[in-house]
Each structure stands twice: as C-alpha cells, then as structure tokens.
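> Summarising the annotation, Swiss-Prot assigns (6S)-5-formyl-5,6,7,8-tetrahydrofolate binding site to ARG35, GLU92, LYS135, LYS474 and lists sequence analysis as the type of evidence. The feature domain 'TrmE-type G' is assigned by Swiss-Prot to 231-396. Look at Swiss-Prot and you will find 241-246, 260-266, 285-288, 377-379 tagged as GTP binding site. According to Swiss-Prot, the K(+) binding site annotation covers ASN241, THR260, ILE262, THR265, on the basis of sequence analysis. Per Swiss-Prot, the feature Mg(2+) binding site maps to SER245, THR266; the stated evidence is sequence analysis.
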Amino acid sequence: MTSPTVSDAASAPIRTVPIAAIATAPGRGGIGVVRVSGPDVRAVMQAVCGRLLPPRQATYLPFLDADGAAIDRGIALWFPAPHSYTGEDVLELQGHGGPVVMQLLLSRCLRAGHGIGLRVAEPGEFTRRAFLNDKLDLAQAEAVADLIEASTEAAARSAARSLDGVFSQTVHALVERVIHLRMLVEATLDFPEEEIDFLEAADARGQLADIRARLDGVLAQARQGALLREGLHVVLAGQPNVGKSSLLNALAGAELAIVTPIAGTTRDKVQQTIQIEGIPLNIVDTAGLRDTEDEVERIGIERTWAAIARADVVLHLLDAADYRAHGLSAEDAAIDARIAEHVPPGVPTLRVINKIDLAGAAVPGRVDAQPPEVWLSARDGSGIELLRAALLEIAGWQGGGEGLYLARERHLSALRSAREHLTIAADHADQRAQSLDLFAEELRLAQEALNSITGAFSSDDLLGVIFSRFCIGK
C-alpha cells in the first residue's frame with residue numbers, strides 16, 4: 001500500500017463529523033488518553049488547551065474547563081491531517097489515568113466541540129476512519145485489535161508483523177500475479193484474430209500452477225497464524241477422581257484447581273489459559289461424569305457436556321491402575337460413546353492414562369491406539385511433556401513462530417475460496433477452446449476473494465462486523 005502524500009488529492013480525508021473517546025482501558029492508571037479526531041478539531045484544542053499547538057510536538061500544559069480552571073495537567077499532541085492515525089486532524093490529551101479525571105476531560109471536549117457536532121466515538125471508529133482514509137488496509141486494521149487482545153508473546157509479535165503490512169504485502173503479491181494472468185486471458189478473448197497466442201507465449205498454465213503453489217504456502221502459514229490467534233480449546237473429561245484437576249494444575253504450573261481424594265470435588269468447570277510454544281491453550285477442568293442425585297453436581301455435569309460440545313480437543317482421563325488391570329471399564333466406554341455424540345465433527349479425543357506413579361511398572365509414553373493414548377502422572381509430572389507435544393501435534397503446529405503473521409478465520413476462508421477458484425480455472429485452462437470465458441471469470445473471482453482480505457473489495461456489512469468488535473478508543 002502506497003503511503004498518501006500531501007500533494008495527492010486522493011489522500012484528503014473523507015469528510016465526517018468529529019469524534020472523541022477515552023483511548024485507554026477503563027480503571028485507574030498512571031496515564032489516561034482522550035482522543036479527538038475529525039474536521040474542525042482546532043476549536044476543541046483552543047478551548048481545552050488555551051491555545052493552538054505546534055504539530056507533532058509534545059506540549060505540557062493545563063487542560064482547562066469552561067471557566068479557565070485546570071481540570072488536570074498533562075501532555076497534548078496535535079496531528080494535522082493527513083499525517084495522523086485516522087488521516088484526519090487528531091488531538092490527543094494525555095493526563096492522569098483516573099476514571100473521574102478522564103470522564104471530566106472527555107465531557108469538557110464534548111462540550112467544547114458541541115458547535116462542530118463532536119460526539120462520542122463508536123467501537124473501532126478511529127481505526128475504521130484510518131481504513132477509509134487509506135492509512136491502513138483491512139488486514140492491518142484487524143491486526144490492531146489482535147495486537148491489543150494477544151494472549152501470548154508469539155501472538156503479539158505476529159500481530160505486529162500483520163500491522164506492519166507483512167500479511168497484506170503477501171496477499172498483494174498474489175493479487176498482482178492473478179491480475180497479470182487475467183490480462184493475458186482478456187487479451188486472448190479481445191484479439192482472437194492475432195497470430196500470437198498470448199496464453200501459450202506467456203506459459204499461462206505454468207503461471208497458474210505457480211500462483212496456486214504460492215497460495216498454498218500462504219494458506220499454510222495463515223493456518224499457523226490463526227492458531228496463534230485462536231489457540232486451542234481443550235476440555236478435561238472423565239469419571240470423578242481420575243486427576244483432572246491435578247492435570248490442569250500440572251499443565252498450568254500452578255495450583256489453580258482444588259485437589260482432594262473426595263470424588264466430586266469439582267462441581268463446576270474451571271478454566272485457565274496457558275501457552276505451549278506460544279500457542280494459547282484454554283484448558284477447561286470439568287465436573288466428574290457419573291450418575292448422581294446431587295442437584296449441584298448434576299448441573300456441573302451438564303456444563304461438562306456443553307463444554308465438550310465446544311471443544312477443539314477432548315482429553316478423556318482414566319485411572320492407570322484400573323485401566324492396566326481391567327482395560328476400558330463399562331463406565332468409561334459409555335463416556336467415550338457420549339463424548340463422540342457431543343463433540344463437533346472432526347474434533348479428536350485423546351485418552352490420558354493418569355496416575356502411572358500408582359500403577360506399578362507403568363511408564364510414561366504415547367500409544368498409537370484409537371483413540372491415541374498418553375500415559376502420565378499429573379502428580380509428579382512424568383509424561384506431561386509428551387502430552388504437550390501431542391496437543392501441539394493435534395493443533396497442527398509446525399513450530400517456529402518467527403516470521404508468521406496473525407490470521408483470522410475470515411482470512412482462511414478467503415484464501416480457501418481463492419484456491420478453489422484457481423483450481424476450477426486450471427480445469428478451464430485445459431479446455432481453453434470451450435472455456436476461455438469461464439477461465440477469465442474464475443480468475444476474477446479468485447482476485448475478488450484475495451482482495452476481500454485487505455479490504456480492496458469488502459461489503460459495508462463486513463466492515464460493520466469487524467470494527468464493532470474493537471474497543472471504543474480505537
């Protein structure tokens with residue numbers, strides 16, 4: 001994406017009403033920020049700061065109320081359009097981060113800007129304006145929210161790369177190749193009488209194969225980026241007292257769940273997000289599965305089945321001594337069957353044989369069974385690394401987060417759609433005499449799918465959904 005210049009008429013910001021919001025998180029903090037963006041913001045600056053400020057310089061001064069008394073003292077920053085986050089005139093007021101002070105400062109800005117139509121910003125509206133004014137493309141705008149919400153260091157670094165435009169540049173490179181191939185097809189359609197065969201001369205089939213191969217690489221990397229963003233939802237299930245809470249504590253490296261030898265100690269689900277190699281894992285410890293007359297425990301068991309229905313992977317825990325001596329019990333076989341009924345299609349189950357430290361000669365290990373098994377001891381940690389490795393394998397993590405960009409399911413869907421259209425295009429290329437128009441159309445649809453990632457082609461409905469999930473001050 002080419003940065004706009006002052007002389008470029010196309011870089012002029014879209015005319016909108018001015019907006020304001022507290023840009024920092026709710027609560028108390030050392031610093032709080034009120035952001036104002038839009039036309040005629042100088043009027044707010046003059047009223048609140050008492051004077052006009054030099055562009056892009058930090059100025060320490062009092063923030064004034066309508067009577068000229070100081071609300072707070074802090075730093076004011078003035079960014080004239082188009083050289084600002086939104087591409088509009090932007091005023092940022094950095095004061096002390098108390099909620100009362102911030103609300104007073106925001107209210108003062110709104111009153112000072114009443115005559116110019118200043119209003120409170122909607123969620124994500126600052127970033128939406130940055131997108132509409134070509135300061136960010138859509139993938140970069142989404143990366144702003146992903147960076148804020150990142151739950152691991154790897155996710156944060158990948159989001160930062162997306163914000164820098166790494167993902168967008170990769171998609172743009174694919175689009176350029178598709179456009180070039182489309183030009184060859186259109187030339188062949190428009191000039192059929194020419195002696196030169198544009199497609200044969202340019203090796204159109206070879207170009208298409210190259211585009212598909214590059215797209216496969218982007219899709220594989222995007223899947224890894226999506227895993228960094230979304231993580232894995234892991235549910236611990238099994239009969240009471242098989243060590244589910246102990247396993248949660250072992251994976252988390254902290255005493256998060258109460259552990260006692262009394263069956264039914266856990267009556268409601270306990271959730272904790274941990275990370276393995278930068279992948280966030282949302283681990284859910286659940287109530288033991290059994291028939292019970294206890295109303296509270298029964299509700300907990302119902303929530304267990306609800307959690308299983310939303311899982312990305314289910315760990316069915318069994319007692320190693322019982323399993324080694326007698327195999328799968330009727331109760332555990334019934335649990336296996338019910339898990340299969342509740343999990344979404346394609347969601348794997350991993351059998352975790354726990355308490356090997358109490359099972360004689362049992363040793364930690366992985367068994368290639370159906371479902372796969374991991375033998376471990378949550379109490380002394382034996383085999384925990386094997387379980388971590390199994391979870392990464394199930395997730396499809398290939399390691400090496402360096403260079404990855406964060407991706408969303410929306411991006412994966414667009415990439416898969418583009419690949420499908422390119423596959424159909426390849427079929428038409430093999431039957432070019434009858435299908436040249438269809439070849440061109442599939443290339444157009446592939447380009448459209450890729451453009452939807454960066455927002456070069458996006459519906460208003462899609463934009464509304466994306467930006468509504470931002471925090472107010474972004």
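Keep in mind that glycine also has a Cβ here, set from the backbone N, Cα and C atoms.
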> Rounded to an integer, what is the Cα-Cα distance in Å between ALA287 (GTP binding site) and GLU92 ((6S)-5-formyl-5,6,7,8-tetrahydrofolate binding site)?
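So the Cα of GLU92 ((6S)-5-formyl-5,6,7,8-tetrahydrofolate binding site) lies 50 Å away from that of ALA287 (GTP binding site).
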> Can you grab the distance from SER245 (Mg(2+) binding site) over to ALA378 (GTP binding site)? Cα atoms, rounded to a whole Å.
9
> Provide, as an integer number of angstrom, the distance between the C-alpha atoms of ARG35 ((6S)-5-formyl-5,6,7,8-tetrahydrofolate binding site) and LYS244 (GTP binding site).
47
> Among the binding-site residues listed here, ARG35, LYS135, LYS244, which has the most company in the form of other Cβ atoms within 10 Å of its Cβ?
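Top count of Cβ atoms within 10 Å goes to LYS244.
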> Between GLU92 ((6S)-5-formyl-5,6,7,8-tetrahydrofolate binding site) and LYS244 (GTP binding site), find the distance joining the two CA atoms and give it rounded to the nearest Å.
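The Cα atom of GLU92 ((6S)-5-formyl-5,6,7,8-tetrahydrofolate binding site) is 50 Å away from the Cα atom of LYS244 (GTP binding site).
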> I'm trying to understand the geometry here, so how far is the Cα atom of LYS244 (GTP binding site) from the Cα atom of LYS135 ((6S)-5-formyl-5,6,7,8-tetrahydrofolate binding site), in Å to the nearest whole number?
49
> Cα of ASN241 (GTP binding site) to Cα of LYS135 ((6S)-5-formyl-5,6,7,8-tetrahydrofolate binding site): how many Å, rounded?
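Given the Cα positions, ASN241 (GTP binding site) is 56 Å from LYS135 ((6S)-5-formyl-5,6,7,8-tetrahydrofolate binding site).
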> Within 10 angstroms of the C-beta of GLU92 ((6S)-5-formyl-5,6,7,8-tetrahydrofolate binding site), what count of other C-beta atoms is obtained when all protein chains are considered?
19
> By the DSSP assignment reduced to helix, strand and coil, which category contains GLU92 ((6S)-5-formyl-5,6,7,8-tetrahydrofolate binding site)?
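The three-state answer is strand.
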> Write down the Cα-Cα distance for LYS135 ((6S)-5-formyl-5,6,7,8-tetrahydrofolate binding site) and ALA378 (GTP binding site), rounded and given in Å.
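The Cα atom of ALA378 (GTP binding site) is 50 Å away from the Cα atom of LYS135 ((6S)-5-formyl-5,6,7,8-tetrahydrofolate binding site).
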> With every protein chain in view, how many other Cβ atoms are within 10 Å of the Cβ of SER245 (Mg(2+) binding site)?
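There are 23 of them.
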> Let me check the 10 A CB neighbour count of ASN241 (GTP binding site). How many other CB atoms are there?
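Its Cβ shell of radius 10 Å holds 21 other Cβ atoms.
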> Give, as a single whole number between 0 and 100, the mean pLDDT over the domain 'TrmE-type G' (231-396).
83
